[in-house]
Structure formats: structure tokens, C-alpha cells
Amino acid sequence: MPLSYQHFLKLLLLDDGTEAGPLEEELPRLADADLNRRVAEDLNLGNLNVSIPWTHKVGNFTGLYSHTVPIFNPEWQTPSFPKIHLQEDIIDRCQQFVGPLTVNEKRRLKLIMPARFYPNSTKYLPLDKGIKPYYPEHVVNHYFQARHYLHTLWKAGILYKRETTRSASFCGSPYSWEQELHHGRLVTKTSQRHGDKSVCSQPSGILSRSSVGPCIRSQFKQSRLGLQPHQGPLATSQSGRSGSIWARVHPSTRRCSGVEPSGSRHIDYSASSTSSCLRQSAVRKAAYSHLSTSKRQSSSGHKVEFPSFPPSSARSQSQGPVFSCWWLQFRNSKPCSEYCLSHLVNLLEDWGPCTDHGEHHIRIPRTPARVTGGVFLVDKNPHNTAESRLVVDFSQFSRGITRVSWPKFAVPNLQSLTNLLSSNLSWLSLDVSAAFYHIPLHPAAMPHLLIGSSGLSRYVARLSSNSRIHNHQYGTLQNLHDSCSRQLYVSLMLLYKTYGRKLHLYSHPIILGFRKIPMGVGLSPFLLAQFTSAICSVVRRAFPHCLAFSYMDDVVLGAKTVQHLESLYTAVTNFLLSLGIHLNPTKTKRWGYSLNFMGYIIGCWGALPQDHIVQKIKDCFRKLPVNRPIDWKVCQRIVGLLGFAAPFTQCGYPALMPLYACIQAKQAFTFSPTYKAFLSKQYMNLYPVARQRPGLCQVFADATPTGWGLAMGHQRMRGTFVAPLPIHTAELLAACFARSRSGAKLIGTDNSVVLSRKYTSFPWLLGCTANWILRGTSFVYVPSALNPADDPSRGRLGLYRPLLRLPFRPTTGRTSLYAVSPSVPSHLPDRVHFASPLHVAWRPP
């Protein structure tokens, strides 16, 4: 028997010296409510109302919503992103590789080509909230690092840049659903509206810049971050703090990026496209002469859109003189002090363009000049603090009445995972680089997933203590110098070494939408899981003698020998690369025979938690205070850690039930020395969860509220309970008796609760003990009418029902190892001929 009853009593310090009787007498006592209540009082488990102040920190565990202060690293490197372009004809490519796909695989791959996201309601936030002031000590530094990260993502084709209300530009290869206008034709069109000669010749883009009808209107009805031409480094100035440098515009239609002077449409642009090499000094003079003449003529009948946008000089269009972009205004102004930004701006003659343009332009649904989520930077991971990671907060979609209920998806539980992966195979794991950014998002989702920044001047002004920005003195010269300060000057000088003339580009406002799925939305994990599981399903069918399995972006391959694994690795890598999936070969890990996956070590002996988790548990117990009420939010953290390793302990989850109860009641929990000792003893010795073996069920258990019965081979047993018990409790006791009497690892029962092996709803002592006795037991469902133990449980030993031949098949969850292929054309050769490990390790269902 797996458990000595005396041992259990001693463990819980319930042993009062009396000798325990047989299990059939003792076990029902553990279901007694009175005993459970006494034990709870002894161990101080039920006392939820405490008057002492709660403890809010245990070791590294703080409450669920408390802020651990992140550390800013001025030396952070922005990671580089490969040009990820998942092939659009991914289904055809898979079919060339493996033959016809199953319905399941096709459905999953169609979900992500392209992904769609249309929430019911979207809350738009001002641009100020684009970059979160997460590091108050390093505001400027964080601003530029975040802005550089966004720029890198845009250049890698992961973001769209909003050009006008209805158009966006991006870099990288376009998908078919993005080519909505003019399919890259060379379009030359002259619009004589209001004296604006606009000529547009543009072979590369998808949306011709002077597009028909509504687009012309949108060029007049600009919003702040307008559509801009992309010829040459001096393309139109970007959404200006204060208008734009109009003379720098090319023959292209005047689609300035920003808020423009309303009169600007009267300017006749005749500069040739070679003018991009003009020095900015000349450009500035031209800009000022133009702007002075056409300063206030907003008579053209078209309303220029100025959504409520608060940059410090953005109002300059409508009140006060109009200047060029905020950064370049410092050129002409007198230095206000030795720390004036004009010293920095005068370092360079050519600061480059105010905005950057993508290789392609597309139409998008109406997108306001707002953001829907904020971004900030953190360390890439605890082991890599040299690189940064962008955190995108789209939590608005998970909150409130309008929250989106994200789709659920199956994750294999520990037992299924062990059944699947516990074998004598050699393993390696592949690292998919930037996995989320593989999955394309439909451009129609862009208005819902907007990030960006309001530009440096506004950002600094909002965070500085200077309140003059609220006095409506927008656009005046002294207002320009309000932002000068020693701290800003020193920060910018240091950043100048890193970013050079890009400081100018990054100081402009920008609005970006996602072109690939972002990590901060609950839809993304679902889509990624669908994607990788479909790909692995295809790989498993292509190589039937191997195993491929994935969880999110973690893909593992298993094969019988190391040589076989290497040839499999080459073949699978080439296949994935042909689909456009980027692997990081330097991070491929070869595990030998024990695989590290999802926090577990899985070998032929079963599964155990990885060492770092075991270490965390030891630290947790070392720091766990006794007799002090611990905040229930901290208990959530503790239970999260202990719950992960619970299946490897003797008593399992039931041992944690007192903690679960206090969390549910939102009350503090006090660990008594006894309960802490009991738990720590449980977690000091972890036992592997073994792979279930297929077999024939020979032992059956059944119970009624008053009695129990067993059928073991041709032997029948029965017994009665001292007092009637709830039916589930009685069935659980019968299963325990069957296990301890027969030692069988396979038991037939007709009770669904016993089958589920979740013993958390039983009386606490019984739950713990039953878990201990039944650890490693597999259950087979047998209908009551066919259960051979049914008669003995009702006290009838004379009647013999024939023993069933009930086969047991271990489950692998929803992972179909043997997805039946649709009929495959005969010319497809077999991949590699090896003795198939599947025939040794797994029996096909």
C-alpha cells in the first residue's frame, strides 16, 4: 500500500498514540466533518478573520497588482528584427510538402492569413499617453529608446505608419489584401483645385499618392499625421509641432504629415524632385517667405481638420505666427542659456527629413490621430538585461463591460504531455524568432491597435513642472524655450552620440498601427497556438517516425537516434524557412534524452518540474512567515508556484485547499507551524508523474451511500459504512480500497468525479489521503449497468456478472498524433526510412 496510515496521522500530528485499525475502518473517519473541523482549528486553517495587519510581501512575492519597480538601463540595445514575411500561400506550400491537409489544419492556417481583430468598442487616448512615463528619472532617455524601438519595428514591416486619416505606409513585402489601390501603377494626375498643382508620379507604392476622389479630399482635410511623399530625405515635414517646412515639398500632392498652416494649399510647388539635396538653410528661408505670405488664408472653403491635439506649438496654425518644425525652430532663435537646445540644433547643418516614408501606401479605415494603448520598455528577459523588450498595453480590450472575451484554446495537461513526450527519444527544441510578429493582421484592424507618441516637445512639456503650457500662449517664442533645461540638454547631447541626426526624426509625433499581431492583446496567444500546432501537425505527418510538438513559440522535435534527429532537424528547418518562419539557429537546444519543456523535465521515467522551479519553492518555504496573516493576493502568488508542482507531491492539490479557500474569501491566511511543516515536507520530496501505459482493466470498484464492493479478477468483496456517506465520497473510498487491496494501477469506476482525479471538493483530510493512495492510478469509465462491482456494493455476492475486457488507452489530450491524412497522391516519396519509434513508444489508437 502506498501510504502507511500511521505515517499520515503522524504527518498531520493527529496521532494520539492509539493503534490505527485497517484502512476500511480508518479511511471513512477522515470524511467525518467533525474531525476535519477539529484539524482545521488545530492547524489554524479556518480562522479567516484576523485583526493583525496583513503581510504584503513574502520573499519575492508581492501582491498581484503591486508595482515592482522596473530598472531602466540607459545602455539597452534595441533587438534587431529579421524581415519576417510569412508566405501567403502557406496552405499550398504545406500541401506540396505533405499532401492534402486535414480540415483542422486548413481551418487553423486560414485563421492567421490574415488575422482579424474587430472589438465592439475602442477607446481613443491622446497621443501624450503613447509612451508611458514609466521611468520618471529617465524620461527623455526612455522616450528616445522607445521611439527608436518603434522605428525599428516599422522598418522591419511589423507596424503601419498612419499617414492620413485614411492611408498608411509600411516597409517590407505587401500581402494581397494590402494592395487595394492602383496595384503599383504609375499614375500622373494634375488637380487644379484651389490653385494647387499636384503632380504625382510614383512607381513603387501601392496606393498612388494622388489617388482619386475621396483621397484628394483627404489631402485637404488632413489630420495631424498626414500622408507624405517619400521621395528623398527632405520630404514634407512631419506632423509638426507647428506646421511644416512647406518649401521642402516635391511635386507630389501636398500631403503633409502634420497639422499644416491652413493657407498652405495656396502654395504653388514647382520644386523638382531633385531638390531633396537642398541644404535646409535655403529651405528654411523659402519656407518662411512662403509662410509669411500665406499665413492666414484659410478661405478656400475646405475645412482643415485640427482634432484636439495638444503639442506645445501645434495651435500655432490658428493663433500666432507659424513656424517650421519644433526642432528646427531653435536654429533661428537666440540661445536662452548655456543649456539652450539651439546649441545642439546648430551642431548639424542637415538634420534630415522631418518624417520617414514607407515603401508602400495602402488605404485603411478612418483612423483618428490618437492611440489606443501605451508602450514602455523593459529588460528582454531576466537573463538578458542588455537588450530591451517593448511592452504594449492594450488592456482596455480586457476591461469593463465592452471587454472582448478571448477565444479559449486547449493546452495539454501534465498527464497528456507526459503520455505524449515521455519516451526514449532524443530531443531538440527550435527557437522561433519574434514568433508573434510572423502572423499578419488585416489592415482593417489598424484603427483599434494604435500606438505612437506626441513628439518630444509635448512629452517634455507635459512632464516638466512648468505650468506655462496651460496658459494658452501656444506658438510664441518664449514658449519655445520653455522646454530648455540643463537635464534635457545633457540627455539630448548624450543621445546625440547614439542616434545622431535621427534625434530630429524621433522628436516628431507619430502614430503607428500593427501590421503583425501585437503581444498585448488576448487574441495573439490563441492565434500563435493555432498556427504552431497546425504546422507541427503537418510535420508529424510528413515524418511519421518522429515527433514534433509545440506550445506557443516553443517547438520540439524528437527522434529515435541522434543521427536521425539531426537529419530531421535539417529537413524541418528547411521546410519552416520555406514557409517564411524565422528560426534562430544559435538558440537551438539539444536536450539528449530528457527534454526541458513548459517548465518540466520530461524523460522516459516521466516528468518533474525544472530545477529552477524547485529552487524557487525551497526559497519560498524558507521565507514563509509563521503565525502572520498574509495578504490573499500574496497567497495567490504562493499558490501559483506551489500549484505548478502539486501533481508531483504525495497529497497533490488537496493539500493546498485551505489556501484556495482563503483566496476565494479574499481573506488573509495565517500559516501555523504545523501546516507549514506539512506543506514543506510535501514539497521537499517530489515524485515524477509517469507515463500511463495502455492495458486491460481487471479491477472494478463501486459504492452506494451505505456500502462498497470490489471485483478483482474472479474475486468479489463487499463492506458497509458505519454511517451513510455522500455518494461521491463513498465512490472515492471504494476506489481507494480497490487500489490498496489489489495494487492494480488500472481501476474501473462509474463515478465521474473519481475519474476526473480532482479530489479538491472532498473533506480535506480525505482528499489528501485519497490523492496519496491513488497517485499513479489510471481510471477507466465503466457504465453502472456493466460494472461487475455493482452487485457486491449492494450486498449481493452470489450474482456474478461476467468480467468486462475494458481496454485503457492513455490520452494525449487534443494533440492528434495520428491525424489521418486525406488520400495522398502516390508519387510522394517517404521521407526517411528508419525503424519507427512511434511503434515502440506509442500505440496508434
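Yeah, the Cβs are placed from backbone N, Cα and C, and that goes for glycine too.
These features come from Swiss-Prot:
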type	residues	note
BINDING	ASP431, ASP553, ASP554	Mg(2+) binding site
COMPBIAS	199-211	compositional bias 'Polar residues'
COMPBIAS	290-301	compositional bias 'Polar residues'
DOMAIN	359-602	domain 'Reverse transcriptase'
REGION	1-179	region 'Terminal protein domain (TP)'
REGION	180-348	region 'Spacer'
REGION	188-211	region 'Disordered'
REGION	288-317	region 'Disordered'
REGION	349-692	region 'Polymerase/reverse transcriptase domain (RT)'
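Same-chain residues with CB within 8 A of the center of the ASP431, ASP553, ASP554 CB atoms, the Mg(2+) site residues themselves not counted, are SER429, LEU430, VAL432, ALA435, SER550, MET552, VAL555. Across the residues of the region 'Polymerase/reverse transcriptase domain (RT)' (349-692), the predicted structure has a mean pLDDT of 86. Around ASP554 (Mg(2+) binding site), taking its Cβ as the centre, 16 other Cβ atoms fall within 10 Å, counting all chains.
Sequence-distant neighbours of ASP553 (Mg(2+) binding site) (same chain, 6+ residues apart, CB-CB distance under 8 A): ASP431, VAL432, ALA435, PHE436, LEU528, THR532.
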